[in-house]
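Pasting the relevant annotations from TrEMBL:
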ACT_SITE  Glu448  active site, proton acceptor
DOMAIN    117-228  domain 'Aminopeptidase N-like N-terminal'
DOMAIN    231-337  domain 'Aminopeptidase N-like N-terminal'
DOMAIN    375-594  domain 'Peptidase M1 membrane alanine aminopeptidase'
DOMAIN    674-977  domain 'ERAP1-like C-terminal'
REGION    80-106  region 'Disordered'
SITE      Tyr533  site 'Transition state stabilizer'
Amino acid sequence: MIGSRQCLLGIRILRSFGTYRSLNTNAQQPRRSLTYSDSVLPWSQKFNQYKLFQSTAAFGISTIVLGVENADLKSELDDLKATTTPPPPAVTTTSPITTTTESSEDMSKYKLPDTVKPTLYDLYLYPDLDTGLFSGRVVISVNVLSETNAVVLHSHLLTIDTVTVDSAPGNFLLESNYELLTITKGDGGSFGVGNTSIEIAFNGDMKNRIVGLYTSSYVAENGESREKIFPDVYHLFFGFEGSLTDRLTGFYKSEYRRKDGARRQIATSKFEPTYARQAFPCFDEPNFKAKYIVHLLKPKNDTYIALSNYPVAGIEDFDDTHQLVTFEETVEMSTYLACFIVSDFINTETSFENKGTTIPLKVYASPDNLAKTTYAGEVGKKVIEYYVNYFNISYPLPKLDMVAIPDFVSGAMEHWGLVTYRETTLLYTNTTHSTANKQRVATVVAHELAHSWFGNLVTMDWWNDLWLNEGFASYIEFKGTLAAEPTWGMLDQFLVSDLHPVLSLDATLSSHPIVQTVLTPDQITEIFDTISYNKGASILRMLENTVGEDNFQLGVTNYLNKYAYSSAVTSNFLDEIQQVVGNSLDVAQMMNTFTVQMGYPILTVVINGNNYTLTQKRFLKDPNATYDSTESIYGYKWTIPVTYVTDLGKSSDLILFKYNDESLTVQKPGGASWLKFNYDQIGYYRVNYPVEVWRNLSSLYDSFSVSDRTHLIEEAFSVAEAGQLSYEIPLELTTNIVDELDYTPWSVASSKLKGVLSYLSNSESAHADNLKAHIRNLVNTAYENLTWTESEGDSHLRRLARIEVVSLACAVGHVNCLQEAQSKFDTWIQNGTSLSQDLRSLIYIYGMKNASEQTWDALLEVYKTETDASEKLKLINGLANVQNTTLLSRLIELCKNESIVRGQDYFSVMGYISGNTVGTPLVWDWVRANWEYLVERFTLNDRYLGSFIPTVTSSFATQQRLTEMQEFFALYPDAGAGTANRAKGIGKCAE
């Protein structure tokens, strides 16, 4: 350890060094024989015990977040707070596994009773864009399945002014308002029950926003006391009011500025996972599916339109200035999939073939952005036609709209028939946006449209099975994008986009199982994370490879057909795969080892002749971490489908290393000269070889597929980071990339080398400069080959590789790279010269490093007048990379002004600032001093606020910083949707 105790992200001190093989700066020399002179790189000792951790890109979907949703949410009763918001943990190396079962009594505190099922919402919403308020009324048809004393549903942030319950004719008929309840016999006879009332009260967890409607007791004609609502169909009427302002969830108002300076307002909605209750009283749980008839008020002005999940059925005048738009009745769907938009947007239109019918596909945006919608429509058409064929199930709805929303908390949201996106994930033109922007649009569109089947048609029964929605969409999006853009190598890209980030995260004690109990809104929000999305996708990819593509596809189709318009759990999906594969594999047993316990294994290889003997143990980045294996029912062992590739080809037989086996021996095929396990990194596990085998694989680098080359580099660094391999091996492997031109090997090499360099620099190691020189040598050939200049014929992957290479070259101080960046920036800021779409982000970043206040102000004005959302983020990232702390402090304060930085972009911009080494302490100090402001503005239920802390503290490396974190968490113990992220931050610092 350096100085006092080193924190968390994994800086390990160089305990011993050996001579690292020298590397030549002469670009003409053959690969793997580059050498430095001793004066340039005096590596007198070996990277042996230096354990470092790669910094990973934020998901965002969502997530992703993703993605992509990476998506949104909650908190609870006093009796639960002790378990959901514990005091900051002492530094420990153990972490209990989350239980995956709860008693029905515990669950009943947080979930609605199953005695009442909604069947139809007849919903009227009246948004007022001028006042920022809305009113509404809804008639909910419910089926009471058994006698009950209450109808319980959700409402939050709504003022309910009217409640009425009445039923269709039955044994008893209830006709009432919120003050007087009259019960009439089914045969027409009646009796009054006096001035009784229906109580509007909170039931169960206050933070779960559950409203209970209770009948009062009464005495029937025969003198019998009745306190029950009898089985029948009832109609609940609510009148309510709410606000459109101060949030980006529920039913809310968004604003944008046109190029002519005019400001325009729209109303839109975002309900996943627990926000429909902010728009109307409802049964706001995923398995309470119902149909909808929506009536939406819009300004009578011809430029305004109203959109919902289904097509318009009719429009009528409401008053002199408004019209009421009624939409067709929908299919059954969950509350979180409903969507309502009132806007002045316009659209482009195409259509797609849907098993003999043609479905319109429209892409909506603000008028100034109309030209940027074409590509999304083209991609959407190809992707959804691929899905119709892949699932062998028609797209279920009569229309498909995609809408770019100026203010949107997630990357996108799969509202059925009306998919909403941030502008950055839907809008693209080749004259404005980069290759990376284009790929982002394609993959997010592919992800959201996959939900039309996985998530919308069949929905997880409860949020603990969220991975069924998001994991599948996160995997199938790569197939969908590949169908739309077949030259992009999307199956290779899966490794660097999804697999590698989650392998890093899941190798910590602060991870969690894919399937775990979640009850409260905060817990539900937290589970929209990299584990649900990326690990879910990764183990589905492994399952598909294990059972075969055809079997997997058939199992998926059977699952979707069986549970269409209903809900399902993980075992339902695995049962359908099992039915297809028969007795050749116990699907549930294999998959459960990856879904109900966190983490994953590393296989250690021992070789005796042609016999390769494997043993497994849990892989953790911190070699000093300890855990209790009895916390998991599988003892942190896994049933692993083992694959390999040799010079003769890929393995084809099913090889299972079962969780209760001590070892597995694999025989190298006769005639094969070498063997590499886990071909194309298809399995969710790691492999460590004897050093001589690693060296042999390195020498065979050119023999491997793109995915296998990418895998070898990533695996070697990751195993070295965990202290199980000398850093000599991954550094030796990187000498192979000198002549590499494929994107994914460069992506992983760049990420890993930057990670090592970051930790050397943060620990003030004298070897940081030596490593920079080594990397400059590695990158020079590719840099000179790719250059700053794009060619018309450059492929998509070549363009992505150029971004990685130039970014790495500048990061390690390549003189020509830095000079080019500065020269291009200066010419642009002075004369407005056009910049490369792909490299302009780098130009802004490096051009601003040492900029004056005058130049910084000039770029700020460019940012303020820019209307394209993607370009604005690139510009403000440049502003955030200045080395002047006074200017960075100004930017932190500017972030509070939503007319300058949209609320949806707040944490991205603050992340840019904290990613600047001189900005990190500024942001950390500001967050601690202004935490109450952040909570008031975003609420503890905001998962992006929750994930912000580990973003800011990602580079912390001292005992002092660890103590600061612990003291801050103790001062504000309620973490809301950030509980798990606080644990991650502490856990990294404690490693």
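Along the chain as shown, the residues are counted starting at 1.
Glycine is treated like the rest: Cβ placed from N, Cα and C.
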State the mean pLDDT for the domain 'ERAP1-like C-terminal' (674-977).
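Overall, the domain 'ERAP1-like C-terminal' (674-977) comes to a mean pLDDT of 94.
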Cα-Cα, whole number of Å: Glu448 (active site, proton acceptor) versus Tyr533 (site 'Transition state stabilizer')?
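Here the two Cα atoms are 13 Å apart.
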If you draw a 10 Å sphere around the Cβ of the residue listed as 'active site, proton acceptor', how many other Cβ atoms fall inside it, taking every protein chain shown into account?
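I get 29 for this one.
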Take the Cβ of Tyr533 (site 'Transition state stabilizer') and count every other Cβ within 10 Å, whichever protein chain it belongs to.
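Other Cβ atoms within 10 Å of Tyr533 (site 'Transition state stabilizer'): 35.
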What are the DSSP helix, strand and coil residue counts for the domain 'Aminopeptidase N-like N-terminal' (231-337)?
6 helix, 56 strand, 45 coil
